Each structure stands twice: as structure tokens, then as C-alpha cells.
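Record features (Swiss-Prot):
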type     : residues      : note
SIGNAL   : 1-32          : signal peptide
TOPO_DOM : 33-243        : topological domain 'Extracellular'
DOMAIN   : 33-131        : domain 'Ig-like V-type'
DISULFID : CYS49-CYS115  : disulfide bond
CARBOHYD : ASN52         : N-linked glycosylation site
CARBOHYD : ASN88         : N-linked glycosylation site
CARBOHYD : ASN97         : N-linked glycosylation site
CARBOHYD : ASN122        : N-linked glycosylation site
DOMAIN   : 144-225       : domain 'Ig-like C2-type'
DISULFID : CYS161-CYS215 : disulfide bond
CARBOHYD : ASN185        : N-linked glycosylation site
CARBOHYD : ASN206        : N-linked glycosylation site
CARBOHYD : ASN210        : N-linked glycosylation site
TRANSMEM : 244-264       : transmembrane segment
TOPO_DOM : 265-299       : topological domain 'Cytoplasmic'
Amino acid sequence: MGHTLRPGTPLPRCLHLKLCLLLALAGLHFSSGISQVTKSVKEMAALSCDYNISIDELARMRIYWQKDQQMVLSIISGQVEVWPEYKNRTFPDIINNLSLMILALRLSDKGTYTCVVQKNENGSFRREHLTSVTLSIRADFPVPSITDIGHPDPNVKRIRCSASGGFPEPRLAWMEDGEELNAVNTTVDQDLDTELYSVSSELDFNVTNNHSIVCLIKYGELSVSQIFPWSKPKQEPPIDQLPFWVIIPVSGALVLTAVVLYCLACRHVARWKRTRRNEETVGTERLSPIYLGSAQSSG
């Protein structure tokens, strides 16, 4: 036979315990929600444990940071221990929500990190707090660089496009007017330590035409590109193809120059002849004998 509780009647002890347990589980659920942090390679990440603690409380607490069930860092009785993979680049920020600080991020650092806080009560440690943080690592390729590497033939130029330091594996394509061009010497390399990729490719094109060539690098859902513009060299037209308004002044200038040069030459020749004639006259006068006929007859 069922019983009905009157208003104001206190709940049985078992119901109190059930309610307390439900509230505790609800609190644990909300405190263990997974937050997201996204950073780039070589940057610093701060993963918050979302739990405030004073320096004086450290002696009675145990704090564990682990990644995918593997230990990263622990604080026991105030002593910090860092596991080998994270040494010299990982430390706790105790006064800032027990955050885990990771320097010089690597691709291998991506994953879910869990912070566990245990408190000493009556000689035994029980879990006081639990939270998780998912760390995503981006490795973006920079804008590729395009360099001139020579002329395989007189009318052919070769260029190279390259970029490094990105992830995941890239694909490089040369494009012009929406169509992919035929590349040469395309290489993709991955650094075994950092897992980052490098890519380079070369392209030959005819220098007698204008071009707007695009080097496109796709990696995952992202892409970067660089444009290489080329204008064909300007050639001077033959003289017989010059427009008349250019030919007439040029021809007039040439004729005028020729006339001036001819006049100067004639003037120079005339002056030279006159000088020569004067020199000959002076020489003749010096060589002629003195006439003495009248003097001899008078004797």
C-alpha cells in the first residue's frame, strides 16, 4: 500500500543520498567538459585545468596532466615532474588555473589532454576535479616563392615554385587560364622529426608570349598560391616598318647633318689650300737671285 507525504514532511534519508549523488554526478559532468584550443606549429599553448589553488594547498594536493592516457606532467607534494617527451618545453602555471604550458609546439602534440586534481582528506586522496582539453595543431604552408632558374633554350625560361613547413601532404600545380600546365621535377619531402612537408616544382614556358602563371599548393582543405606575371620583351621594328611621321624627321635630320658635315669639310679644304699657297709664295721669294745688271754697266 502506497504512502503519501504531507507537505513539509522531510524526505527519507535514502532519497537525500540519491539526490546528493545525482548532484555530484551532474557537477562532475559539467566540470569535465572538453574545451578546444587551436595553435600553430612552433607557437605556445596554454591548456587550462580550470581549477584555482593556492601555493599553500599544493602540499595536500596531487595534480596530473596526461595526454591520451600517457603522462605529461605531475605535481605531488609541491614537486613537479615532467615526462621525457615534454622536458625543457613544458611547465605548469600554478597560479593560472593549474594550466599546462607547452612551448615550441609540434604536430605530435595534438590530442586530448586531461587534468586530474586529487585532494588529501583523512589520509587518503580522492578526486577533486577533472577536465579535458583538445589541442589542435595547425601547420600552414607560407605563400610559395617563385624564382627564375635559367633558360634551357633561347626562347624558353624555367622557373621554380617552392614552400615548406606545412601539413598535411601537399599537392602543387601550375595553372594558367584555369588549366593545369605540365610541370617538371616536382618533389614532396617530409621531415621525419617534425612531420612537416616541403614541396617544389619547376615549369618551362615560352618567353615570346605574355603569361600569368599561378603556382597553387593544396593541403587538406586549405591552399596557398603565388602569381608569376611575364611580359614578352619589346623588339625594335625594322627601319622600313617605321611610321612615316618618324621616318620624315629622322631622314631630315640625317640630310641636314650630312650637309653641315660637307660644308665644314669644304671650308677646311679651302683653308688648307690657301695656307699651302701662301707658304709656296714665301718660299719662292726667298730662293730668287738679286738682279745686279745696272750696277755692272755703270762700272
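Just so you know, glycine gets a Cβ as well, placed from its N, Cα and C.
Ranking the glycosylation sites ASN97, ASN122, ASN206, ASN210 by how many other Cβ atoms lie within 10 angstroms of each Cβ puts ASN122 at the bottom. In this structure, CYS215 (disulfide bond) is part of a beta strand by DSSP. Separation of the C-alpha atoms of ASN52 (N-linked glycosylation site) and CYS115 (disulfide bond): 13 Å, rounded to the nearest whole number. The Cβ of CYS161 (disulfide bond) has PRO144, SER145, ILE146, LEU172, TRP174, SER200, SER201, GLU202, LEU203, CYS215, ILE217, GLN226, PHE228 as same-chain neighbours under 8 Å, each 6 or more residues away in sequence.
All chains included, 26 other C-beta atoms sit within 10 angstroms of the C-beta of CYS115 (disulfide bond). Counting only residues at least six positions away in the same chain, the Cβ atoms of ILE63, TRP65, ASN97, LEU98, SER99, LEU100, CYS115, VAL117, HIS129, THR131 sit under 8 Å from the Cβ of CYS49 (disulfide bond).
Averaged across the topological domain 'Cytoplasmic' (265-299), pLDDT for the predicted model comes to 63. Following the DSSP three-state reduction, the secondary structure of ASN52 (N-linked glycosylation site) is coil. Residue pair ASN206 (N-linked glycosylation site) / ASN185 (N-linked glycosylation site) shows a Cα separation of 18 Å. Note on proximity: of the glycosylation sites ASN122, ASN185, ASN210, the one nearest ASN88 (N-linked glycosylation site) is ASN122, by Cα distance. In this structure, the C-alpha atom of ASN122 (N-linked glycosylation site) lies 70 angstrom from that of ASN185 (N-linked glycosylation site).
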